[in-house]
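**Q** Copied straight from TrEMBL:
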ACT_SITE  K118  active site, N6-AMP-lysine intermediate
BINDING   D35, A36, E37, Y38, D39, S84, L85, E116, R139, E173, K292, K316  NAD(+) binding site
BINDING   C410, C413, C428, C434  Zn(2+) binding site
DOMAIN    590-668  domain 'BRCT'
Amino acid sequence: MTAPAQVEQRVLQLRASIGLHVDAYHTHDAPLITDAEYDGLFRELQQLESDFPELSTEDSPTQRVGGAVLEGFEQAAHDQPMLSLKDAMIETEARSFVESVVNELGQDDDVELCAELKYDGMALSIRYIKGRLDRALTRGDGTTGENVTAQARTILNLPLTLPVPIDLEVRGEVVMLKRNFEIVNSRLRRLGQKTLANTRNGAAGSMRQLDPKVTATRRLSFFAYGAFELDGRPAFEASSQWDLIEGMRALGFSVAPETALVRGWNGVREFFESVGKGRVGLPMDIDGVVFKVNALDDQQRLGWNNRTPRFAIAYKYPAEEVESIIEAIVVQIGRTGAATPVAKIKPVRVGGVQVASASLHNQDNIDAKGICIGSTVIVRRAGDVVPEIVRTVLTPGDEALTCYVMPSVCSSCGTTLHRTPGTVELFCPGGIKCPAQKLAKLAHFSSRLGMNIDNLGEKTIQTLIEARLVNMPSDLYGLEEQSVRELPGFASVSAKNLIAGVSSSKAPELPRFIYSLGIEDVGEATSRSLAKHFGTWNSFRTASYEQLLATADVGDGTATNICQFFADPLLSAEADRLAEITQPQSYQQQNGIAMRGMTVVLTGVFPTLSRGQAKALIEQAGGKVSGSVSKKTSAIVAGDAAGSKLDTARELGIVIWDEAQLLAIAAN
Ligand code: IVH
């Protein structure tokens, strides 16, 4: 059927309109319509293109939903090396950059510089052949990068075709706008998946997804900062960096509107300060500003130093600091009894994430900084580092506040807190009798990295403890549906699900089992090393101090902690009981990793696999099969005549695979 003229018209209209909204959103940070309205336009276009395939075009926005899953990333050589910029961390370094440029060029002090934002994401080099996006590479080691073309095609504001059929290489940064970071994280949270630590990891992690369909859900943006011909000559016969920027803008690339021409040191300082002031309000995270000598022939004269250009500098901002107020201080009792004061602060966005609490470490730190409930404080966070309270800011009225003093008894069980000898740390000696420690131990046992027990969150553990049904991890395996059903907040289905979750955690992989015991200093990586080294639970359980020490990554402290753990009659008896009940697998017979941690639901009839085969495939790849769809479901595999589970999955925004996709993923 050929498309009626009005359909063709509507398709063109929709594409133009979507293009306009993408531009308003990504380039100007000024969305004109809501996300839902945008999705409506997008879906309408998708529908029309599927009804009238002859109307599909290569550059339609619908082509950005992601193609087939890759087996791995291919390496490819860059046409021109991708090098990096020299950093200036303090004013004198930035100033001496300007001075050296002026001296070497023998120019006036007011040398012209192109001032740009230093976008904090992941560098990308994109090649266009005859105006079509041909290849996108990550930086890699600068000479060779990874081919992420399929992923790059999902970036909404990256042109798939250029208005002119030219060959061109464009360099720029893939970023996740702050607004999108919040949206993506709330979806990941809803799906029970690991959230992104910050926008930089969000951008880099999303580009490194083998399944471009996943990248497509991450709402990435691209900002351009360089362009050249494939032989390395400047693009557009440009004579300045500014011309390059304008040329890229004209081709449809996004460039931050803050980009400007400045002159001399004064211009550099003013730009650095003014962008610094407005940084919090920018749509994307930046970690500095970049200055490039504007005239390209001057750039040539200045040349390169090793791997960095002498005509450019990245002037970095110090770790972001934001003011907040301490609203409360709570003392958290950890799994091992450590008592840590934690400040609950008025939520602020700092260093790329929303911060609502920060550890105060110990009483000495509180005293040294003069921290009180009600204090105005400076919160700092750089990169992936945990947020910290740097200092207090004396504010009128604060004189009346009194410095916080940690309680002398455990907030959970009332036992007198002890001081760890030789340190300023306090701990609760209550052990398993302390409800907070009991809860933390059980939560650790059932956590995602531990036994990964479905349907058992902290709230449920709390309920089970209060009902005296569970005291220690092994009690979980004795739970009966009948008694769980009678608990507050439970009904017959939820009770069944809990019992099923506990039961399917049996036969854990050995590293998980070791981790779940909560031995001090034995985290995920150490547990894996121990499992690899000893192979079976028994040989780990009976290892001597010397044998433990022979394990990679295990030092004196960790080996001693493991010995002390097994020397404790209560702890070792519980560990033996758990091993007896759950039968940890030996390391060799461990399952694959392609689907580790995933919970998958099957629905409908598959073209080649039986239900049993599909289940076995998922389990061999390290995943689990569940009978019902919930927000924790990682994916649903839908065959013919799929029923209401598929509708529920759609409502919850869960990834939907067909049999072919399942086969491809499980085979990885
Ligand atoms: S120019 C020769 N301009 O910062 C270096 N880089 O070390 C050419 N970056 O990872 C890079 N914003 O991806 C340039 N406006 C900008 C930039 C920028 C961010 C990143 C770049 C690289 C690092 C430079």
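Using the three backbone atoms N, Cα and C, a Cβ is placed for every residue, glycine included.
Just so you know, TrEMBL annotations are computer predictions that nobody has curated.
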**Q** Considering every residue in the domain 'BRCT' (590-668), what is the mean pLDDT value?
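**A** Mean pLDDT for the domain 'BRCT' (590-668): 81.
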**Q** Checking proximity to ligand 1 here: which recorded positions out of D39, L85, K118, C428 have their Cβ closer than 6 Å to it?
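**A** Among D39, L85, K118, C428, near ligand 1: L85, K118.
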**Q** Rounded to a whole angstrom, what is the C-alpha distance between L85 (NAD(+) binding site) and C410 (Zn(2+) binding site)?
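**A** For L85 (NAD(+) binding site) versus C410 (Zn(2+) binding site), the Cα atoms are 51 Å apart.
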**Q** Of C428, C434, which of the binding-site residues has the most Cβ neighbours inside 10 Å?
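**A** That would be C428, with the highest Cβ count within 10 Å.
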**Q** What is the interatomic distance between the Cα atoms of C410 (Zn(2+) binding site) and E37 (NAD(+) binding site), given in whole Å?
**A** 52
**Q** Pop the Cα-Cα gap between C434 (Zn(2+) binding site) and K118 (active site, N6-AMP-lysine intermediate) into the table, whole Å please.
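**A** About 50 Å separates the two Cα atoms.
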**Q** If you count other C-beta atoms within 10 angstroms, which of the binding-site residues L85, C410 is the most crowded?
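**A** Counting every other Cβ within 10 Å of each candidate, the maximum falls on C410.
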**Q** Roughly how many Å separate the Cα of R139 (NAD(+) binding site) from that of C428 (Zn(2+) binding site), to the nearest whole number?
**A** 49
**Q** Per DSSP, what is the residue tally for the domain 'BRCT' (590-668) in helix, strand and coil?
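**A** Summed over the domain 'BRCT' (590-668), the classes give 27 helix, 17 strand, 35 coil.
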**Q** What residues, ordered by sequence, lie under 8 A Cβ-to-Cβ from K292 (NAD(+) binding site) and sit at least six positions away in the same chain?
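**A** Within the chain, K292 (NAD(+) binding site) has Cβ neighbours under 8 Å at L113, C114, E116, Q241, Q299, P309, F311, A312.
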**Q** Measure from the CA atom of C434 (Zn(2+) binding site) to the CA atom of E37 (NAD(+) binding site) and give the result in Å, rounded to a whole number.
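**A** Counting only the Cα atoms, the answer is 52 Å.
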